[in-house]
Amino acid sequence: MSAAFVTFDDVSLAYDASGNAIEDINLSIHEGEFVAFVGPSGCGKSTFMKLCTGLHAPTTGAIKVDNEPVTGPLKISGMAFQNANLLPWRTTLDNVLLPLEIVKPYRHQFRKRREEFIGWARKLLKTVGLEGYEDQYPWQLSGGMQQRASICRALIHQPRLLMLDEPFGALDAFTREELWCVLRDLWEAQRFTVVLVTHDLREAAFLADTVYIMSRRPGRVIERRQIELPRPRALETTYQKPFIDLVQELRAQIGEVRST
Amino acid sequence: MTKHNPLIERLAPWIAVVALVIIWEVTVRVFDVPSFIFPSALETAQALVTYSGPIAMHSWQTFWTTLIGFGLGVAVGLVLGFIIGSSRFLYNACYPLLVGFNAIPKVAFVPILVVWFGIGSVPAILTAFLICFFPIVVNVATGLATLEPEMEDVLRVLGARRMDVLLKVGLPRSLPYFFASLKVAITLAFVGTVVSETVASNQGIGYLMMSAGSQMRMGLVFAGLLVISAMAMVMYELFAQLEKRMTGWAHRGQNR
């Protein structure tokens, strides 16, 4: 195992006087690890993402990424959310290129290296199955296709940390499973670190190396679960007994959290 | 269900105009209204032809003062809207003031403007400006102030500065609001100009109508009305087309 890439040391965050949103978080994530956070609604999973990317500072405790304390927005991370949030006046290709117009050092090279960057974007869009849709506008794409483009946008500047906040939550079951495989393949190929926040236990178990289960507000990590299923995992795995047993165990733990 | 007929749909506004003119003419004739009270459509048309020279001269005056006032309104509205919309503090601070200002009837400003600038084109331009910049400010500011928080997160995590977010997302996003407000603003600008001209000018359609009215030449007054509304409609349509051209992405599905 490589050294810890992300570490949380006794981290708590209170947005206001009403109490902590998340509390006493201690964990470490290795470079290239795929972790998933599951838990009941309002357990501070999104808060965790904001802390991890430096969009919000913790009230107490310390967060380190790549052995450096997090003090501001972490440019080595890319984000995607439940809503694809593509800009409707930009084509799919231009949407994917957006981060390169902003993040350093690419923003200063954008004019000069534009052709090269377009090449990156096209290649990335091709790997998620959006070849031929580059010049379409987001509203001409289906929900699943928009979400693929959104993930491309999160990855275009080659981040080392990919943050996904329920990215497949609004999709139908078949599209969702398709996109699991898209994400799996991207991750297998590039091995960036992924933090996936989700409500879907099957999604967490299928994709992640490690699943963290969080309690209700104030959110604490109450269980860390290593997923030992061999890789690469095929979608069929999710219909086999060991996987189903695993999901049921996770489900039982979540049930306990909800009833307490 | 009636059948969808594109030709009828395109002709609909013209049919309505013709119907209105016919109702007008028939009503005046049937009730035998004297022409110094309410001239018939025919008399109005005659006045339009007879006085076409002076009408054209005064219309031109009204037209260019309106356009200058409108231009000022767009420039000031854009800048003010951008400033107010880009900061939550300024938005909260200035919005009530703007609403209060907008509630003042603009005709109340005209005497003040006359004291300051004398009668003529300047008060007309300024009244047009005062009345039309408000919808532009509000629309631009609202477009900027209602950014999706997730979109902001996506960009902020990349190290985007406030200005990056405003220029890459906020401004293009507020363009449909801006172009929609132009349509409203241009018609309001005509209102402002004409109001000012009726009180404080010796040129322009407002002045023409005022002086024709005082001589009981109602045909000419109505001709003036027609000319103003025709100018406003043409300008409205122009900006509606511009809006469609510039922000087609915001009207998706409507013309497909």
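Cβ atoms are placed via backbone N, Cα and C, with glycine included.
For reference, TrEMBL has these:
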- B:59-239: domain 'ABC transmembrane type-1' (DOMAIN)
- B:12-31: transmembrane segment (TRANSMEM)
- B:63-85: transmembrane segment (TRANSMEM)
- B:97-119: transmembrane segment (TRANSMEM)
- B:125-147: transmembrane segment (TRANSMEM)
- B:177-196: transmembrane segment (TRANSMEM)
- B:216-236: transmembrane segment (TRANSMEM)
Subject >> Surrounding residues of the transmembrane segment (B:216-236) on its own chain - C-beta under 8 Å, 6+ positions past either end >> reply: 35-39, 43-48, 51, 55, 58-59, 62-63, 66, 183, 186-187, 190, 194, 205, 208-209
Original post:
Which of B:12-31, B:97-119, B:177-196 has the most Cβ pairs closer than 8 Å to the transmembrane segment (B:125-147)?
Top reply: B:177-196
**OP:** Give residue numbers and ranges for long-range contacts of the transmembrane segment (B:97-119): same chain, 6 or more residues beyond its ends, CB-CB under 8 A.
**Re:** 84, 126-127, 130-131, 134, 137-138, 192, 195-196, 199-202
